[in-house]
Structure formats: structure tokens, C-alpha cells
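Participant: My questions will all concern the structure given below.
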Amino acid sequence: MNVFKFGGASVKDAAGVQNLAGIVQDQGKGTVIVVSAMGKMTNALEELVRAYVSQKPAETEEHLLAIRAYHEQIIHELTGNFDRVYQTLDNLSNYLKKAPASTYDEVYDQIVSLGEIMSTQIVAAYLAELGVPTHWADARQLIATDTTFREGQVDWEETNRRISHAVPKNAVTVTQGFIGQTPDGRTTTLGREGSDYTAAIFAYCLNAKSVTIWKDVPGVLNADPKWFDETVLLEKITYQDAIELAYYGATVIHPKTIKPLQNKGIPLYVRSFIKPEAPGTVIGNYEQHLLIPSFIFKINQVLISLHPTDFSFIAEDNLSRIFGRFAQAGVKINLMQNTAISFSVVVDNNPDRVPDLLELLKQDFRVSYNQGLELITIRYYDQSTIDRVLVNKRLLLEQKSRYTVQLVVKDLG
Ligand SMILES: Nc1ncnc2c1ncn2[C@@H]1O[C@H](COP(=O)(O)OP(=O)(O)O)[C@@H](O)[C@H]1O
Ligand SMILES: N[C@@H](CC(=O)OP(=O)(O)O)C(=O)O
């Protein structure tokens, strides 16, 4: 049994859905297909949430209409029974008529999760129309999480129990990435880009033979082609290297994806949905680590520096307070460095979270911050690779370990 994951880019329009069907039709029954929201729908739904929670009816309506039109356009170009998609759109419209009744993050999950619900309803209806025996599985009833909205933590035992009974052998199962449910039935999401992780959860629970994530790139490259002109396809990668690359921000794979697969020795293929016959990249149990340097760029970073307001050093008590504040604000640390009397942290400049974090930190520390920075990570670096990425950049902070260097820079261009 194999698990396939199709991200938003692969199903951004009707041609994408048809292409997916072409790839899936060659597969045996029993295959599980995990699908993300279509195109940039998650971003569009996020904007809808912002308008709705801040009670701007005209803006809310405008976003809703755009979301409806986008899905209707795709449906119009396909054949199949899409009643369930219209039902979901109507449910969303009704939900928005009432005033927001819970926290921002909880409302976010109830709304944003519908992107995945609609994409899978479209894909399942289209596959069924082509005569593929199709089973639409509701991932909310399979992936059990806690109540950490927008970053649901998976209850593996319960999820395993549910998934192992939920996948028929005589059909292709179509399910949603990115979403789950709390014990009392409220929808959660697993964190942005979390559909790869869903594929790994299904594969783990079903002891799958392999997972394939279908992307708009030939496989895992040694740098994001959006930033680098000359990239090299990495044909084979160890789980360890893949975890490190994803952890440092190579967005081609969600960082939580690898560990469950590594634990069961399930290979992860990253292949091109544009050129499905090409072998792509395989991640597995190999001896040899990568032989060429890999580059990871993260833009829109903010460097936050903290200084105690009294005469204390940055020692255990201050550190535990600092980490507590980051956890409270739900902000992940990309890099940290301390001296005796200061502590510097680099994080993604998320407008939903960073302003609250700064307020929390100001309660205990003198805080300064520097926005609009880039974080460059090079795995298997040497001096020439560092020199290459520093052209036209001002270096603010550098951190080296045996295999990895991280550079916080300001673009001077
Ligand atoms: N090392 C890398 N190798 C290949 N692609 C990368 C790498 N790092 C970042 N990317 C980016 O990842 C994108 C694919 O991931 P993503 O957009 O999340 O796909 P999907 O929405 O299908 O899940 C590529 O278009 C590419 O720009
Ligand atoms: N749709 C969600 C989950 C996801 O993983 O999407 P994608 O596979 O398109 O990156 C998001 O955009 O965050």
C-alpha cells in the first residue's frame, strides 16, 4: 500500500486535477491520496478569517465570493457530481453569518480546514466520475489531536487505532492533509504546510510501502530554485539530512514528516507532478550523507535582542522565562545566541504572533529588534559557499556547527 500526497500547487486548477487523476489511475486500489487545499486557497481562507473576526462584513463577503468563484471555476471545467462542494460552501456562508464565538485560533481552524475539505470533495467526485473506485475519508475523524488550535498535536495511539480500520482495500482513499479533530469534535489544523505530515501519519499507521509527495520541482534540490539559478537534484538523501534540511526551512518537505517514516523505515519519494515519469528524490536509510552543499533561505526574519533590566546575567532563570514567553506566544525560534548579558533570537516575522510576543518580552526585558532580515543556512558548508551567499549582504550574526552554518543578514541590494 502506498501513500500519495498532492499539494496545493498540483491541484491549483482543473488541469491539475486531471493530471492528478492520470497519476492515480495507474495505481492499485488501496492507495491513499492526501490532498491539500487548491492553489493558494489556505492564504485566501486566512484572509477571510481576518475579515470575519474583525467583523468587517463587506470584506468578509468579498473574500467569500472569491473563494466560491475559484472553486466553481474548477468544477465547471470538470465532470462529476459536486453537490458536496456546494454544500460545504453553503455551510461556510452560514457559519459566517453568526458572530465569532470562540478564540481566533479556533475560528481559524474551523474555517481554514474547509480548503482541504473542498479540494478532496472535488478530487473524489472527479475520480469517481472516471470510474475509479473512490472512498472519501474525513481526516477530522481519523487524526486525533489535542486542543492546540493551528498547531494540533497528534494523539498517535488514538490516530493509529482509527486509521488502521479506515482504509478499504478495494478503493482509492482520498483524504485531507493538514486537518484533525479534538476529542470533543472541534476541527484543528496541524500547522501551515502540514499536509506532508498527514501523509506520513497515514503511512506510519498503515505500515505503507512508501510515501510519494508530488511537487512542482523535479525532487529535492540543493537549493530552492526560486532563489538560486543553478540547482542540483539530490537523488538520494538520508533521513538525517532530510530532517536537517526541512528543519532549517527547506520548504519542499514539512519538518515533521520525516521522523514517523524513519521510525518504520518507510521511503519518502519527492517527485514532479509535471514530469511524473522522472524518478525524483528518494529519502531513506542510506550510509552516505550529502556530498554537496545545500542552501536554505528564509526571508522576512526578525532579530530580537533581549537585555535584562537589572544586573542579572542571561542564565537559567532568565532563559526559562524567555522560553516560556515564546511558548506562550506560539512563536518558533529559528536561531538563538547568547552572551553574558544579552540573548538574541531570530524568528519568522508573523504579524499574528510577533507583536504579542514583543509585548510579553517587554514585561521582563529591554527589547530591541531588527526587521526585514534574511536567514541563510548552508549544510555542508565551506568558506567559498559562505562568501558566495554574502555578496551584497551585511552579516549581523553567524553560527557554525560541524556541518551547518547559519547567517543572519541584511540585503544591501
Ligand atoms: N531544496 C528544495 N528543493 C526543491 N524545492 C524547494 C527546496 N526548497 C524550497 N523549495 C520550494 O518548494 C516548493 C514546493 O513546495 P510547496 O510549494 O510547499 O508545494 P506544495 O504546495 O505542492 O506542497 C518548490 O516550488 C520550491 O520553490
Ligand atoms: N493547505 C495547507 C496545508 C499544506 O500542506 O498545503 P501545501 O501542501 O499546498 O503546502 C497550507 O497551505 O498550509
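Including glycine, each Cβ sits where the backbone N, Cα and C put it.
A quick note: this is a predicted structure, and the numbers were derived from the prediction, not measured.
Below are the features I grabbed from TrEMBL:
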type	residues	note
BINDING	Lys5, Phe6, Gly7, Gly8	ATP binding site
BINDING	Thr42, Glu116	substrate binding site
DOMAIN	3-272	domain 'Aspartate/glutamate/uridylate kinase'
Participant: Other residues with Cβ within 8 Å of the Cβ centroid of Lys5, Phe6, Gly7, Gly8 at the ATP site?
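Facilitator: So the extra residues in range turn out to be Ala9, Ser10, Val11, Val34, Val35, Ser36, Gly177, Ser195, Ile213, Trp214, Lys215.
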Participant: Residues with Cβ closer than 8 Å to the Cβ of Lys5 (ATP binding site), same chain and 6+ apart in sequence?
Facilitator: Ile33, Val34, Val35, Ser36, Gly177, Ser195, Asp196, Thr198, Ala199, Val211, Thr212, Ile213, Trp214
Participant: For Thr42 (substrate binding site), write down the residues of its own chain that are at least 6 apart in sequence and whose Cβ falls under 8 Å from its Cβ; none is a fine answer.
Facilitator: Gly8, Ser36, Val112, Gly115, Phe178, Arg192
Participant: Determine the binding-site residues, out of Lys5, Phe6, Gly7, Gly8, Thr42, lying near ligand 2 in the sense that the CB is under 6 Å from one of its atoms, and give them in sequence order.
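Facilitator: The qualifying binding-site residues are Gly7, Gly8, Thr42.
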Participant: Taking a cut-off of under 6 Å between Cβ and any atom of ligand 1, tell me which of the binding-site residues Phe6, Gly7, Gly8, Thr42, Glu116 pass.
Facilitator: Gly7, Gly8
Participant: Tell me which residues of the chain lie with their Cβ under 8 angstroms from that of Glu116 (substrate binding site), as long as they are six or more apart in sequence?
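Facilitator: Counting only residues 6 or more apart in sequence, the Cβ neighbours of Glu116 (substrate binding site) under 8 Å are Val35, Ser36, Ala37, Ala139, Gln176, Gly177, Phe178, Ile179, Ser195.
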Participant: Looking at Cβ-Cβ distances, which residues of the chain lie under 8 angstroms from Gly7 (ATP binding site) while being 6 or more apart from it?
Facilitator: Ser36, Gly177, Ser195, Asp196, Ile213, Trp214, Lys215
